[in-house]
Amino acid sequence: MAGADGDDSLYPIAVLIDELRNEDVQLRLNSIKKLSTIALALGVERTRTELLPFLTDTIYDEDEVLLALAEQLGNFTMLVGGPEFVHCLLPPLESLATVEETVVRDKAVESLRKISQEHSPVDLEVHFEPLVKRLASGDWFTSRTSACGLFSVCYPRVSSTVKAEIRQHFRTLCSDDTPMVRRAAASKLGEFAKVLELEYVKTDIIPLFTALASDEQDSVRLLAVEACVSIATLLPQEDLETLVMPTLRQAAEDKSWRVRYMVADKFSELQKAVGPEITKNDLVPAFQNLLKDCEAEVRAAAANKVKEFCENLPEDNREQIIMSHILPCVKELVSDTNQHVKSALASVIMGLSTILGKDNTIEHLLPLFLTQLKDECPEVRLNIISNLDCVNEVIGIRQLSQSLLPAIVELAEDAKWRVRLAIIEYMPLLAGQLGVEFFDEKLNTLCMAWLIDHVYAIREAATSNLTKLVEKFGAEWAQNTIVPKVLGMANDPNYLHRMTTLFCINALSEACGQEITTKQMLPVVLKMSNDQVANVRFNVAKSLQKIGPVLDSNALQTEVKPVLEKLSSDSDMDVKYFAQEAISVLALA
Amino acid sequence: MMGDRPSPPRAMSSAPTSSPSVDKVDGFSRKSVRKAKQKRSQSSSQFRSQGKPIELTPLPLLKDVPAPEQPELFLKKLQQCCTVFDFMDTLSDLKMKEYKRSTLNELVDYVTVSRGYLTEQAYPEVVKMVSHNIFRTLPPSDSNEFDPEEDEPTLEASWPHLQLVYEFFIRFLESQEFQPSIAKKYIDQKFVLQLLELFDSEDPRERDYLKTVLHRIYGKFLGLRAFIRKQINNIFLRFVYETEHFNGVAELLEILGSIINGFALPLKAEHKQFLVKVLIPLHTVRSLSLFHAQLAYCIVQFLEKDPTLTEPVIRGLLKFWPKTCSQKEVMFLGELEEILDVIEPTQFVKIQEPLFRQISRCVSSPHFQVAERALYYWNNEYIMSLIEENSSVILPIMFASLYRISKEHWNPAIVALVYNVLKAFMEMNSTLFDELTATYKSDRQREKKKEKEREELWKKLEDLELKRGLRSDGIIPT
């Protein structure tokens, strides 16, 4: 075939370019997404000399098309002839890095970062670095914003003169008069610090960090907090106190709650970065303040970090710090006015028991767990219950079971079905920890009640819950406790409940085994094939298909087959369909 | 053929329905129903902990002291009013809150009627008092998914004082004795920046006062004008490209509307850039409906100033035309009609082709409100006259959609409107109309053929890719 070797004449560029120019955006988008195919058809030479110039010149399109283009160009190195020619991709990406739409710009920067690695050191200085400089001194804020993300990828591989220039550009952008650019610079500050020589971290980055951390806009200041983590990791311990801590202390008490929130949110990282000594002297009081902050947002973010913070405290006096400094704040949070704060705390508080050990847990934490188990907000109770395993390891769940039960019952009947759904999901876990006796006595009724919930999602979850319980407690338990109840529902006047019987059988047959399935379940299913509701009948067909593999061939031939045959001539077309499907899957034809 | 069926019954007659339990409420109801109508209020984020009670020493009324002593007393009262109270605690400092309220009231009256009170020393004290009271970190919004169209706004708890402070400040700015040349030392860029941040307040009453304040400042401080415009720019750009959240966009646009009105001709490059790079992208924001009227007003103001901007504006709107949100599409069509109302025929010709390609898509929208809004253009006499003048260009663009819709649209009202439009076209240019009707079928066939060719082309290209991919693992020899 003539085209086997990529006969270029078969695919004149005009036709391909026509595709890229099509009036219909969707078609343009499709062609751009297959740009690599077009390039492949053209060959590397023509891709470089014809396709790329075309793309560079015609960059005015819908953002969606530009986004696809920016992404494609990041993977284009081989298509223009390998690393030797990779710089050909720079012009279109440069234009894309200046467009307004953030996602397009970000994607262009991502692609530029990617292909920067494919440049030789010489090309980096000859082609890439000048592009960064042009962007950094662009008129409109978009190009300067993009430049911020490119400094760190070229810095390590250029000569020291160029390095000095790059540092200078970064400095300039950190004090740009548009806040958008300062935000971009602040968000790349940590990343840039990491590639700088330590002396420049001290002489260049620290002043920038200090300046950005006291910017007039809180949206800039809060980004400096993020950079603080990387910068603190880079500096030797003895410099932290003078270079970083003044700024960090100031951030923890910033007048804007957004900044304080960021500090709370990054607390574990900050703690690791500054080390145990500073943690003890500075961060413990700061953390106490955040836990008592006037804004609920900040308190919730800090409450989320309680466990991690305590875990990472230096072991020598961890217990003492927790008991005398952190626990008093935690006690207050248990009765906070804001439910998000309480629920954030409830999601981590149980973790403290492993850190504090049995005696402290019983004396100090248990009362808090019990209070939270009675909280008015279901999410708080739920978070406690979902973390029971931590306590179980330390003091055993028995200590809690008295309070646990009312909490579980209340959640099981909560008006919001999502809450009910969440508690169902913890049932297998609870059953395992509380034991079969407790379960039969107290929780079994709940599990069965969910099967007739008025929300389908709950009935469905209740069904799969039963399977998990049977896996835990065994077939015999199933036969005695749940199978009779499930089968009893087959006579319910509500067809939805009758269908639930079928769904349960589908889920349970395998776990219960051939004996129970054949003797107890199958007769019920077969009987339901006469149901007056078509939905029930076609679910009978589906159930038979599902439990067929568990049955022996005798039962299949003598009992299942006749029923399916009858259903396959049902008046309802769906019943017919599923009956026929079952017959063919079970090979009964 | 068919997948699993959802559980609701089809055989309704035979299925006994379970009675839905009434007391159980699930999370699907509309927000407005779910949330009991409660007045939420918020306070600034500045009260970190309750301190001791505040004591202010009561001062005599201004009118009770001799005139020469009044300026001195005025200053003292301003200083007292710098004290800020915690209004979330409704029980604390009740007496002192009342005292401050009456003092503020007195100050409002005083700046309105008195003469000779504005000494040079008063300026810094006034600005200080205003700053202490109004500048604060706004608290977090009550929920992330605050929906300004559905949810009640959160009201500022300290409004009883705040309102009077704003009132006082406006009277001060409007006072005959007010001298910008002295005030500019205190009402500076930093002051304006903080003022602009307050526009994010959730309390509409506060935003309304801010609007007046900013307008006065823009009017009286020529040196701050460029700065104010630039900062509004930044707020909008951040709103469009970063956060999509800012409560005061409509208010800022309202101020801009009157600012644009006052621009001198020819327009500076800075102003044109603002139009194309800030106002047009504002159309992309999800919450457009909250400020669309003000935005459209600004756009039309620009076009009335300088008609040559029509082309970039319409191209911009076409670029950001909503793809999935029909409500926004209706808003765009409304704005476009406002623009067409003032368009010059020479400008219209420049933009008619892409414009009517979009209108033709709108007319055939399955959402009848979109189709209807677009078809209403044909009721607009001025637009009709423009279409008539250029029917030889517009009719071929519109014809296929109209013809198809007249046969296929599900909504009879739309079909009726389309018939009218077709009739109008027929009367305008019957020769062309007949021609298009005659070639409709063959045109469609040609389109289908083109479609097929395209598919074949791509198939060939893919085969090629496969072959080459297999041969050299993606690396292409030349």
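Every residue, even glycine, has its Cβ placed from backbone N, Cα and C.
Record features, source TrEMBL:
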type	residues	note
DOMAIN	A:85-270	domain 'Phosphatase 2A Regulatory Subunit A helical'
REPEAT	A:12-50	repeat 'HEAT'
REPEAT	A:89-127	repeat 'HEAT'
REPEAT	A:166-204	repeat 'HEAT'
REPEAT	A:205-243	repeat 'HEAT'
REPEAT	A:244-282	repeat 'HEAT'
REPEAT	A:283-320	repeat 'HEAT'
REPEAT	A:326-364	repeat 'HEAT'
REPEAT	A:365-403	repeat 'HEAT'
REPEAT	A:404-442	repeat 'HEAT'
REPEAT	A:482-520	repeat 'HEAT'
REPEAT	A:521-559	repeat 'HEAT'
REPEAT	A:560-589	repeat 'HEAT'
Per-region confidence, the repeat 'HEAT' (A:560-589) (mean pLDDT, whole number): 90
Outside the repeat 'HEAT' (A:365-403), six or more residues from its ends: residues with CB under 8 Å to it: 330-331, 334-335, 339, 342-343, 345-354, 356-358, 410-411, 414, 416, 419, 422-423, 426, 429-430, 433-434, 438
Surrounding residues of the repeat 'HEAT' (A:404-442) on its own chain - C-beta under 8 Å, 6+ positions past either end: 373-374, 378-379, 381-382, 384-386, 388-389, 392, 397, 449-450, 453, 455, 457-458, 461-462, 465, 468-469, 472-473, 477, 481
Number of helical, extended and coil residues in the repeat 'HEAT' (A:404-442), per DSSP: 35 helix, 0 strand, 4 coil
